[in-house]
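**Student:** The following feature annotations were taken from Swiss-Prot:
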- T2: phosphothreonine (MOD_RES)
- T2: N-acetylthreonine (MOD_RES)
- 41-61: transmembrane segment (TRANSMEM)
- H118: chlorophyll a ChlzD2 binding site (BINDING)
- 125-141: transmembrane segment (TRANSMEM)
- Q130, N143: pheophytin a binding site (BINDING)
- 153-166: transmembrane segment (TRANSMEM)
- H198: chlorophyll a PD2 binding site (BINDING)
- 208-228: transmembrane segment (TRANSMEM)
- H215, H269: Fe cation binding site (BINDING)
- H215, F262: plastoquinone binding site (BINDING)
- 279-295: transmembrane segment (TRANSMEM)
Amino acid sequence: MTIAIGKSSKEPKGLFDSMDDWLRRDRFVFVGWSGLLLFPCAYFALGGWFTGTTFVTSWYTHGLASSYLEGCNFLTAAVSTPANSLAHSLLLLWGPEAQGDFTRWCQLGGLWTFVALHGAFGLIGFMLRQFELARSVQLRPYNAIAFSGPIAVFVSVFLIYPLGQSGWFFAPSFGVAAIFRFILFFQGFHNWTLNPFHMMGVAGVLGAALLCAIHGATVENTLFEDGDGANTFRAFNPTQSEETYSMVTANRFWSQIFGVAFSNKRWLHFFMLFVPVTGLWMSAIGVVGLALNLRAYDFVSQEIRAAEDPEFETFYTKNILLNEGIRAWMAAQDQPHENLVFPEEVLPRGNAL
């Protein structure tokens, strides 16, 4: 037996290496360096939202009831934005507004900035998690790139838009009915549905749903090797490693249907990635434009003719009148501190009335 005498080549690990080993260890739920950002931020964002929707009123900021404690349900409860008078204050618990008083902080809308900022960083942490895991198992980072779409929409709607306006007050509150109110606000004040970036976003999201349905149906339709079950679901074997559908058959089918078809899987799946992500990014760019009060399409000639000719009206001019109605009613209700009063004779009416 030979015994080697000398200094061991195994150096003691430093703090960074020890942390790296522990964070990236193979476990049921991967943590990773990204988890240091993801898990605390996601915990605080969700915890803040559940706390706000359960206990916290919006009486002091919006004049509304917004919690389960006040009688709201899942669809009407919300964590509401701070008051318009607080502008873009971060509303830190220890800041000059709340001065360390937790109850006062909740009343002022501090939970909204808390949830919005932790939510944004939590989403970024989730994207970094996908980068980190992809690198660990030697995958391309397209999952993380795809997730940049939802992040862009969240950041543009909840952070960039109110930063371009007079305060956090004009961002969406975190609730189902609150988001619906925000959509109506966007339509009335920005004519959002006629914005080309919104159109591209709708085309991307609905187009992606169509592609997903077509792709799933085509793969199911072209299975050439299945199990012995009576139907696809009974015959499905999740441990089967080999591919059992025919790309050639699918290509021939869609070539006959449309005259064109995807010739390889890489282009097909890249297209399924490209359509929704591009749509979401276009929507986000459009919202950034709205933050700067950029206008959508204006067909002024139709508006002038409709004003001059009582018998001329288009769907566009009717929608413009609807937008005026939304502004007239919503501004007075949504901003009571402005004391807006509109006389009956200035409220919009269609030419048919």
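Placed from the backbone N, Cα and C atoms, the Cβ positions cover glycine too.
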**Student:** With a 10 Å radius around each C-beta, find which of these binding-site residues (H198, H215) has the fewest other C-beta atoms nearby.
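**Tutor:** Each of the binding-site residues H198, H215 was scored by Cβ atoms within 10 Å; lowest is H215.
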**Student:** About how far apart, in whole Å, are the alpha carbons (Cα) of H215 (Fe cation binding site) and F262 (plastoquinone binding site)?
**Tutor:** 11
**Student:** Among H118, H198, F262, H269, these being the binding-site residues, pick the one whose CA is nearest to that of N143 (pheophytin a binding site).
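**Tutor:** Going through H118, H198, F262, H269 one by one, the closest to N143 (pheophytin a binding site) is H269.
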**Student:** Counting across all protein chains shown, how many other Cβ atoms sit within 10 Å of the Cβ of F262 (plastoquinone binding site)?
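**Tutor:** Excluding its own Cβ, the number within 10 Å is 19.
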**Student:** Measuring CA to CA, name the entry from the binding-site residues H118, Q130, F262 that ends up nearest H269 (Fe cation binding site).
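**Tutor:** Smallest Cα separation from H269 (Fe cation binding site) among H118, Q130, F262: F262.
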**Student:** Spatially, which candidate from the binding-site residues H118, H198, F262 is nearest to Q130 (pheophytin a binding site), comparing Cα atoms?
**Tutor:** H118
**Student:** When DSSP states are folded down to helix, strand and coil, where does F262 (plastoquinone binding site) land?
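**Tutor:** Where F262 (plastoquinone binding site) sits, the three-state DSSP reduction gives coil.
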**Student:** Could you tell me the C-alpha distance between H198 (chlorophyll a PD2 binding site) and H118 (chlorophyll a ChlzD2 binding site) in angstrom, no decimals?
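**Tutor:** On Cα coordinates alone, these residues lie 27 Å apart.
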**Student:** Which has the fewest other Cβ atoms within 10 Å: Q130, N143, the binding-site residues listed?
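**Tutor:** So among Q130, N143, the binding-site residues given, the one with the fewest Cβ atoms within 10 Å is N143.
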**Student:** Which residue among the binding-site residues H118, H269 has the fewest other Cβ atoms within 10 Å of its Cβ, if you could check?
**Tutor:** H269
**Student:** Can you tell me how far the Cα of F262 (plastoquinone binding site) sits from the Cα of H118 (chlorophyll a ChlzD2 binding site), in Å?
**Tutor:** 41
